[in-house]
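Asker: Submitted below is the structure of interest, expressed as C-alpha cells.
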C-alpha cells in the first residue's frame, strides 16, 4: 500500500462516526442525575408530576429495551441502503427522544409529562442500539488493516467521553434533566450536519457492484499517491463470500470458528459486566452514601476515571497484551463489586428498615408522598452513614478503572483483529 498513506480523512470520518457512540455513553449516564430531578423537587416539578421509585427504575430501563429494537433496524438499513445512510438515520431516534424529554417539562398535565418522558427515554435507547451497530462497522470498513485496531478504539473512547460530558453538565447546580436533553439535541444536530460529508464504505460499494466508486473512496481515504489495488482485491475476496459459505467455513474450520466465538464472548462480557449500571446510577449511589455533591463526585470518580484509563490503555495495550489486560480487568471488577456490596451491607442500619417498609407497604398512589416525606426527615438522614462514604467512592473508582483497562476497550480491538479478512464481511456486515 505504500508508505505515504494519509490519516486525516480516515481520522475525520472515524471521529464523526463515533459521535453516535458518544451519545451511547451520554444516554447511559443520563438517569444518574435525571432520576434525582424526576423524583424530587430539584427540577421544580409539581408533586403529581414526579416519578415514584418504581417508575424511576422503569425510566432508566427503557433505554436498554429500546436498544433491542434499534440494533436489528440498524443492521437491516446498513445492509440495504448503506453504512452512511444508516449513520445518518441513527441520529433520528436520538433527536426525537431528547426533544420529547426537553418538551416534557412544559406539558400541562402529569399524564402527558410521563408519556413524553417514557417515550423519549425509549427512543434514545433505540438510538443507542442503532449507533452501537452501524458506527463500529463503518469505522472498521474505512480503516486500513494496520490501523483498524487503533480507530476501532474510538468507539469506547466516545462512550467514555459521553459519560463524562453528561456528568459534567449535570454537576452544575442550575442544570436539570431538560437542560441536559437540550444539549443532546444540539450534539445530534451537529452530527447530522457533519455526517453528510462522509463517504460510503468501500466494502458496501463493492458488495453492491459499485467498484469504481469504491476505488475513488479508498483513494480519497488513503491519499492520491497510495496504490489501493491490493486493498480492493482483499475487500473483493471477503465480500464475494456469501453468508451461507461464510457460516459453513466458520463452522468447519477451527482457526476461523474459535476467534469468532472468542470475539462474541468478549462482546457479551463487555455488555453485562455492570459498567453501564454504574454509569446509570452513579449519582444515586453517591447520594445514598451521603456524598455532598453526588453529580460532581460521579463526574470525577466514574466518568473522568473511565476516560483517562481508556486513553492510557490504548497507549500500553500493544506492550502488555490483550489477555493480560482482560485478566487484570476481571480481577479489579470483582474486587470493586465486592467492596461496593460490603459498603451497602455495613452501612444499612436498622432504622433503614422503616424506610423500606414504607415503600413496600403503601399503595402505589401514596408511595411517592410518603417516601419524599421520609427522605426529607430524620429517618432518611439516619439511613445515611457518611463514615463509609470513602468506601463507596473507592469501590466505584476501582470498578471504573478495571473496566476501562480491559473489558471496555479490548473487545473492540479484538473485533478487528481476530476475525479473519476472508470472513469478516459476513459476520460484521
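Glycine residues also receive a Cβ, built from the backbone N, Cα and C atoms like all the rest.
Taken from TrEMBL, the feature transmembrane segment applies to 12-31, 51-74, 86-106, 118-138, 150-169, 175-198, 256-278, 298-317, 324-346, 388-415. What TrEMBL lists as domain 'Major facilitator superfamily (MFS) profile' is 13-429.
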Asker: So what pLDDT does the domain 'Major facilitator superfamily (MFS) profile' (13-429) average out to?
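Answerer: Reported value for the domain 'Major facilitator superfamily (MFS) profile' (13-429) is a mean pLDDT of 78.
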Asker: Do any residues, 6 or more residues outside the transmembrane segment (51-74), come within under 8 Å Cβ-to-Cβ of it, and if so which ones?
Answerer: 27-28, 30-31, 34-35, 38-39, 86, 90, 93, 114, 117-118, 121-134, 276, 280-281, 359, 364, 367-368, 371
Asker: Should anything in the same chain at least six residues away from the transmembrane segment (12-31) have a Cβ under 8 Å from its Cβ atoms, list it; otherwise answer none.
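Answerer: Tertiary neighbours of the transmembrane segment (12-31) are 56, 59-60, 63, 87, 90-91, 94, 124-125, 127-128, 130-132, 134-136, 138-139, 142-143, 151, 154-167, 177, 180, 184, 187-188, 190-191, 194-195, 197-199, 221, 276, 279-282, 298, 303.
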Asker: Counting Cβ pairs under 8 Å that sit 6 or more residues apart, are there three or more between the transmembrane segment (175-198) and the transmembrane segment (324-346)?
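Answerer: The transmembrane segment (324-346) and the transmembrane segment (175-198): touching, no.
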Asker: Can you tell me which parts of the same chain pack against the transmembrane segment (118-138), counting only residues 6+ beyond its ends and a CB-CB cutoff under 8 A?
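Answerer: Distant contacts of the transmembrane segment (118-138): 13, 17-18, 20-21, 23-24, 27-28, 30, 58-60, 62-71, 73-75, 77-78, 83-84, 86-87, 89-94, 96-101, 104, 152, 155, 181, 184, 201, 412, 415, 428-429.
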Asker: Given a Cβ distance threshold of under 8 angstroms, which distant residues of the chain, six or more beyond its ends, lie next to the transmembrane segment (324-346)?
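Answerer: For the transmembrane segment (324-346), the sequence-distant neighbours (Cβ-Cβ under 8 Å, at least 6 residues beyond its ends) are 266, 273-274, 285, 289, 313, 317, 385, 388, 391-392, 394-396, 398-403, 405-408, 410.
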Asker: I need to check the long-range neighbours of the transmembrane segment (150-169): which residues 6 or more away from its ends have a CB within less than 8 Å of a CB in the stretch?
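Answerer: Distant Cβ neighbours of the transmembrane segment (150-169) are 10-11, 14-15, 17-19, 21-30, 32-33, 135-136, 139-140, 143, 175, 179-180, 183, 279, 282-283, 295, 298-299, 302-304, 306-307, 310-311, 314, 404, 408-409, 412-413, 415-416.
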